[in-house]
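Listed in Swiss-Prot for this protein:
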BINDING   Asp133, Glu209, Glu211, Asp243  Ca(2+) binding site
BINDING   Tyr135, Arg149, Gln250, Tyr254, Thr362  substrate binding site
ACT_SITE  His140  active site, proton acceptor
BINDING   Asp243, Lys263, Thr267  Mg(2+) binding site
COMPBIAS  362-381  compositional bias 'Polar residues'
REGION    362-382  region 'Disordered'
Amino acid sequence: MASWLQIPKNSPFSLANIPFGIISSAKITSPVAAVAVGDYALNLSIFASSGGFSQLPVIQPHLGVFSQPTLNAFAALGRPVHRQVREYIQSVFRADTPFPQILKDNSTLQKEALLPLSEVTNHLPMHIGDYTDFYAGLNHAYNVGVLFRGPENALQPNYKHLPVGYHGRASSVVTSGTPIRRPNGQILANPAANPKVPTFSPCKRLDIELELAAFVSKSNELGKPVSIDEAEDHIFGVVLMNDWSARDIQAWEYVPLGPFNAKNFATTITPWVVLLDALEPFRTAGLEPGNRESLLPYLREKRELNAYDIPLEVEITNAGGKPTLISRTNAKNLLYSFPQMLAHHTITGCNMNTGDLLGSGTISGKENQTQGSLLEQTNGKNPLKLADGSERLFLEDGDTVVLRGMAGTEGNYVGFGDCVGTILPALKLEF
């Protein structure tokens, strides 16, 4: 899809994408809605107030949503509106645009509304009321299960019957680039000791988790589940996510109710929300068909293809060092889709709200260096080597982690942008 705007061929934000986000800048002090196009952000607030949407009647009554500090109001308008807005913006930027007067030949509006991405500050795209993290990465679940329970009992009996999940902490979800403070907590230094007595210490086994996450658009009433056939229309779009994890804190605390402090200190997401329509060309088979007979009817999708073919990668750069690519995997390594997660989450009548976030769970392949966590790669025993020769079992202070995901071909990539976090030392606490 050719554009009159110069878009780098390797940009994750080609015209095939058009992801939505929230930005501010030196000139725009209040956060507003935007879309990313190549190396630019289009300020949708200025675009809307300057007649940019004059050829799109469906959005006329709702132009105020683009001046809000979150995308919640826009997301709540529903998928048909999202689709028309995205397609309209694509048509405005096309080389053969039917509306050249809107932006292509409007140098004044270009100067006001098109901002270099290097000059904008990204904010969380949505107000996140609740955050649920699932465990749909079958290979990750198996790999970790083998480490703790052996191959015969790696997966719990419920795993292939329902999307396992837990309620995370919405308040500590941060946007890419936010520094991550190493957590302090209770750690069992010697698991073989008897009696087992913890110590208080900075986390020594700080890890990453490579995930996708989906934002809810349409809410449902309390007591009324979202059916599997309707669930996709309740999803706004997808981001890349790093669910930072304190493995040693988790090992001591997680029985019997699961992770708590080990997961609540930070979760990083990319700031640009990629709409489901942009991902649709990459729909593919997941680890098992979405319509498999082994699922109970409320989870059984009508179609077999229930995943997206999106290459993913993990990179670590130590302080003063060079980047090291430690993992390549693919988003199709999931057992459940986001519609299945949403249908399961609401089957009890749980009401979801616009802006709620659903994490996929860690995405890993079966081969070495396709894992989405350090725990799987090193088991805390077998270090991986960085480019400068240093070794890692888990993350050290000063390490910068970058997650990336991008599908498609040169000139038409659909990607999320970088998901970045740098580890800061733990606070020194005295009691």
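Note that Cβ sites are derived from N, Cα and C of the backbone, with glycine treated the same way.
Note that this is a predicted model, so its numbers are computed, not measured.
The binding-site residues in question are Gln250, Thr267, Thr362, and the one with the fewest Cβ neighbours inside 10 Å is Gln250.
Within 8 A of the CB centroid of the Ca(2+) site residues Asp133, Glu209, Glu211, Asp243, the other residues of that chain are Leu210, Ala213, Met241, Asn242, Ser245, Lys263, Thr267, Gly359, Ser360, Gly361, Thr362. Within 10 Å (C-alpha to C-alpha) of Lys263 (Mg(2+) binding site) lie the following recorded positions from His140, Arg149, Glu211, Asp243, Thr362: Asp243.
Cα proximity to Glu211 (Ca(2+) binding site) (within 10 Å) is found for the following binding-site residues from Arg149, Gln250, Thr362: Thr362. Of Tyr135, Arg149, Tyr254, Thr267, Thr362, all annotated as binding-site residues, the residue with the shortest Cα distance to Glu209 (Ca(2+) binding site) is Thr362. Neighbour density for Tyr254 (substrate binding site): within 10 A of its CB lie 14 other CB atoms from the protein chains shown. Sequence-distant contacts of Arg149 (substrate binding site), defined by Cβ-Cβ distance under 8 angstroms and a gap of at least six in the same chain, do not exist. Using a 10 Å Cα-Cα cut-off around Asp243 (Ca(2+) binding site), the recorded positions Tyr135, His140, Gln250, Tyr254, Thr267 reduce to Thr267. Distance between Cα atoms for Gln250 (substrate binding site) and Asp133 (Ca(2+) binding site): 15 Å, as a whole number.
Taking every pair among Tyr135, Arg149, Gln250, Tyr254, Thr362, the residues listed as contacting substrate, the largest Cα to Cα separation comes to 19 Å. Thr267 (Mg(2+) binding site) sits 18 Å from Tyr254 (substrate binding site), taking the CA atoms of both as reference points. Counting residues of the compositional bias 'Polar residues' (362-381) by DSSP class, helix then strand then coil, yields 5 helix, 0 strand, 15 coil. The Cβ of Tyr135 (substrate binding site) lies under 8 Å from the Cβ of Ala141, Tyr159, Pro163, Val164, Gly165, Gly361, Thr362, each on the same chain and at least six residues away in sequence.
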